[in-house]
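K.L.:
Once you've had a glance at the structure underneath, I'll fire off some questions.
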Amino acid sequence: MNTSPSQTQPDGGSADPDVAARPLAGSTAAALPAEVAAPAASQVSAPQRVVVVGGGMVAQRFVEALRDRDDAGRHHVTVLAEEPRAPYDRVALTSYFSGRDPEALALGDPALWQDPLVRLVRGDAVTRVDRDARTVMTASGRTFPYDELVLATGSDAAVPPIEGNDLPGVFVYRTIDDVAALRGWVEERAAAASRPVRGAVIGGGLLGLEAAGALKALGAQATVVQFGTHLMSAQVDLGGGEALRRLINSLGVAVRVNTATQRMRPSRRTGAVGRLDFADGGRLDVDVVVLATGVRPRDELGRAMGLEIGARGGVVVDDACRTAVQNVWAIGEVACIQGACIGLVAPGYAMAEVVVDRLLGGAATFPGADTATKLKLAGVDVASWGDAFGSTPGSMEVVWADPVGGVYKKLVLADDARTLLGGVLVGDATAYASLRPMLGRALPGDPAAFLLPEGGAGAPELELPDDAGVCSCNNVSAGTVRAAVTEHGCTDLAGVKACTRAGTSCGSCLPLVKKLMTAELARSGVEVSNALCEHFDLSRAQLYDAVRVAGLTSFSEVVARFGTAEAGRGCDICKPVVASILSTVAPAHVLDGERATLQDTNDHVMANMQKDGTYSVVPRIPGGEITPEGLLVIGQVAKDFGLYTKITGGQRIDMFGARIDQLPGIWQRLVDAGFESGHAYGKSLRTVKSCVGSTWCRFGVQDSVGLAVDLELRYRGLRSPHKIKLGVSGCARECAEARGKDVGVIATDNGWNVYVGGNGGFTPKHAVLLAEDLSTEELVRTIDRFLMYYIRTADRLQRTAAWVADYEGGVDAIRAVVLEDSLGICADLDAAMVLHLETYEDEWAATLADPDKLRHFRSFVNAPDEHDRTLAYVAERGQARPATAAERAGAGAGPVLVAGTTLEVRS
Amino acid sequence: MTRSPALIAATPDAATPAVSPDDAWLPVCALADLAVERGAVALMDGEQVALFRLLDDTVLAVQQHEPHTQAMVMSRGIVGTRGGRPVVTSPLYKQVFDLASGECLDTTKGERVALVTWQVEVRDGVVHLGSAHGPGARAAA
Ligand SMILES: Cc1cc2nc3c(=O)[nH]c(=O)nc-3n(C[C@H](O)[C@H](O)[C@H](O)COP(=O)(O)OP(=O)(O)OC[C@H]3O[C@@H](n4cnc5c(N)ncnc54)[C@H](O)[C@@H]3O)c2cc1C
């Protein structure tokens, strides 16, 4: 091919640099010596224009890897995506039903799409490729020239040619839009009918079982209809399939095997799908059907371009992912590589890495597919890897089955009876993470030992060789995980994940990654310590339990009983922790006796210290609801004390610039007017933000302000490992931004949905659904328990988002604890909340009534009538603000320094 | 806006602590005026001195001026021990200071500046301040 690659057709309207730029040399030139290839070497060589068709998971990985490795920035990459969004985690699609939030499916670092060398075009499908002109055309009529073309168009859900497959109520399960439509349909049907929605899934493979789980999660009934002899027949043998069927049944999902669906019949009343007719004469009434019978590669562009197509579809590529046409590559599910298309993400990622390497001059080849799979269905553990069917000549099988418990495990070994060739684990796949990397390696000891239930004879500890793969999604070896600890100094799972990418896709290897990390840390002498500080070897959660069980009430007792040998008198870490623990275990005023010495900077004087050492004051305004009289009081106090005022993000008013000795005077006025402490200073409940709700709003469905006020009054003063914020929205429009809170409540027609683990700040997180359609009473009880459980078990300064993420089993496990009492502690948690409610008092009112506590607010111990005269302020926009160092130094020349808040108080 | 007449505030000068001759002990307050492990401030000839009464009734004194931020806050830090030595933590950015020597024990938060310390004696239940020691107090020592 020697035609000039630069016959581009700049598309008139576009100011896009990669549309207008002309390449200096095509790839034919790249093969020539540099001096020959680059006649214009003195100029800056133009970047290679890489066009990726398809914005799926593999495309994302391709761009990520290219930007990661193309240090010189030689490639300009444009991703043309048919879906209206950035690439997302399709593997985790089903979690859309628990999170409901497309953002939660984000893949990788979103900053990738801001990179100047990367361009993402969403919602525009490529319709034609002109391989001679080297351009692609999109549905919207745009043209993009390329030097390298990468096809990453993935697959489509296959729609079996069954009569009625186009009826309303029949869905496929491939994209966010698919699952959103499915969800909408089921919710609509549920609202319309007085009986449960009846669902069927056609196809009993990995995808079908996930879909059945999703239907259950939506509250629908589910029947899986499988054409073959058993479930997951591509991965699991008949024995495993039987065990699996029992497990699936126990989730309340019906299973029909050996069943061919002949037609789908519309309901006479609705016109939507109403019945399935089976070949054996059986029938099933349905309101919704999910087709999960397989996928079909999106090879239509390849066909139109005249590329070679595999027997069962897919663009044929060699081991370097090259098609027969120069500069055209195919990766991911659309690629037919080594004779087949592979419907898993890990091999697609490997292909992406191969092409990146090739573009950068490397010689990487596709290593062959790891087809290991693990079913992601809560409550059903299934994994299969390697030669799961024992088809290798001479191979032997070791099987352990417990038909009653629904457990079936099989290892396939080579004829030496030691080398692991593959396996199937159903019902208990705990061994998967450590066994899978042993593929092709000799197992130590008796292979049967690996199959026995935990606590049995005990499998020998597996010491993985460095080159054993641990994370197949991201191709991370055991050695890389170890190096993250030994060479890159990672000390926790989050660090190792960020450093190696292990466990960031499907997550099934995380237990193994953690084990490797812990072993490596221990080996390099790093104590894997969750000790609080030098004074306590315990973690906050451990100390909480210890103090609670021992019934201790003071720091001196706690440090004497549970402190280290050298504990002395604690520090700024352990003292506030003990103060926080004692506040719910043995409630007392923050300034009572020794408690006063434990309080951190702000709790120390029940106000928020600002940069100049003065304080801000925030009275509580429950739910953000305040009377005009209340507003006047706050305004007058601020005016009289010369305080700077600002509205906070939590729907209340902050007054800045109060000296320590002014705090009691300010609070006397506020308390007299009926205000209480807002605990803006505490690691405690801050605010319950609300929208105006059904009382005024045309759209509100519940009284969000009323609930917010009740919740704020209930949890006011509740001290916790970190600050807690709540929000209540009166309808699904979510004006209170409740899902950005630790606990977010959103009104529904039937009650309240409650979300947990959200926060704004440095690492914003949306809260995830904990429970739906609760009555107010159920809601309050659920929040009570969630908060108390968090208070008891979270780490110091761990917000609910991180706590939920770290909690073993995540939000599902927490839901089991607080809604189903899986640990049998709910009565205890409820009692702890009652204690909080019974002992609550307004800290500021109590302080004003106690001369001993007021002593802490003196300006000078030897001159109580004096005050700090070093403070200096400047007027800005009509209020006072602290003077800068320069303003202080140049006093007189610059802005006028005004007195601090030393104004006479008018009565 | 009602504001008092403009007042030009003086910047505190940590380099010139209240200095007294070695043998001149100045009474400050009663020991009973100080709470255990909770700092207080004394105003000594215009200078602010943070006083800390430990569990064993020893009293230690350092400058109230927090040298990293220029704010008058040291007395409001948490009192504790590190490696057995009594320390106070700055309430603003949490640098830890040895209460007896004034030394900043924190290596992680940038420049380390020590605090001026004062000799303290408790006589007949009255806290007395003696001479100052530290970076700005050397001339007097
Ligand atoms: C519910 C579900 C669960 C799964 N679970 C697992 C699992 O546990 N483990 C596993 O390994 N794999 C799993 N998979 C499969 C995995 O998601 C895929 O292997 C992976 O997404 C393939 O990536 P890809 O980029 O090749 O294709 P895709 O992710 O399908 O992306 C292709 C993209 O290209 C777009 N496109 C197609 N044609 C064009 C065009 N002409 N112009 C522009 N854009 C176009 C498509 O709209 C699509 O967005 C699961 C899939 C689903 C649906």
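Note that Cβ sites are derived from N, Cα and C of the backbone, with glycine treated the same way.
Because TrEMBL annotations are produced automatically, they should be read as predictions rather than curated entries.
Owing to the predicted nature of the structure, the values given are computational and were not obtained by experimental measurement.
Sharing the feature lines straight out of TrEMBL:
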COMPBIAS  A:1-11  compositional bias 'Polar residues'
REGION    A:1-25  region 'Disordered'
DOMAIN    A:49-335  domain 'FAD/NAD(P)-binding'
DOMAIN    A:372-436  domain 'NADH-rubredoxin oxidoreductase C-terminal'
DOMAIN    A:470-517  domain 'BFD-like [2Fe-2S]-binding'
DOMAIN    A:610-671  domain 'Nitrite/Sulfite reductase ferredoxin-like'
DOMAIN    A:682-820  domain 'Nitrite/sulphite reductase 4Fe-4S'
K.L.:
So are the domain 'BFD-like [2Fe-2S]-binding' (A:470-517) and the domain 'FAD/NAD(P)-binding' (A:49-335) touching or not, going by 3+ C-beta pairs under 8 A with a sequence gap of 6 or more?
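P.N.:
In this chain the domain 'BFD-like [2Fe-2S]-binding' (A:470-517) contacts the domain 'FAD/NAD(P)-binding' (A:49-335) - 3 or more Cβ pairs sit under 8 Å.
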K.L.:
Counting by DSSP, what is the helix, strand and coil composition of the domain 'Nitrite/Sulfite reductase ferredoxin-like' (A:610-671)?
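P.N.:
DSSP composition of the domain 'Nitrite/Sulfite reductase ferredoxin-like' (A:610-671): 29 helix, 14 strand, 19 coil.
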K.L.:
Using DSSP, what is the helix/strand/coil residue split across the domain 'NADH-rubredoxin oxidoreductase C-terminal' (A:372-436)?
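P.N.:
For the domain 'NADH-rubredoxin oxidoreductase C-terminal' (A:372-436), the helix, strand and coil counts are 5 helix, 31 strand, 29 coil.
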K.L.:
On the 0 to 100 pLDDT scale, where does the domain 'Nitrite/sulphite reductase 4Fe-4S' (A:682-820) sit on average?
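P.N.:
In the predicted model, the domain 'Nitrite/sulphite reductase 4Fe-4S' (A:682-820) has a mean pLDDT of 94.
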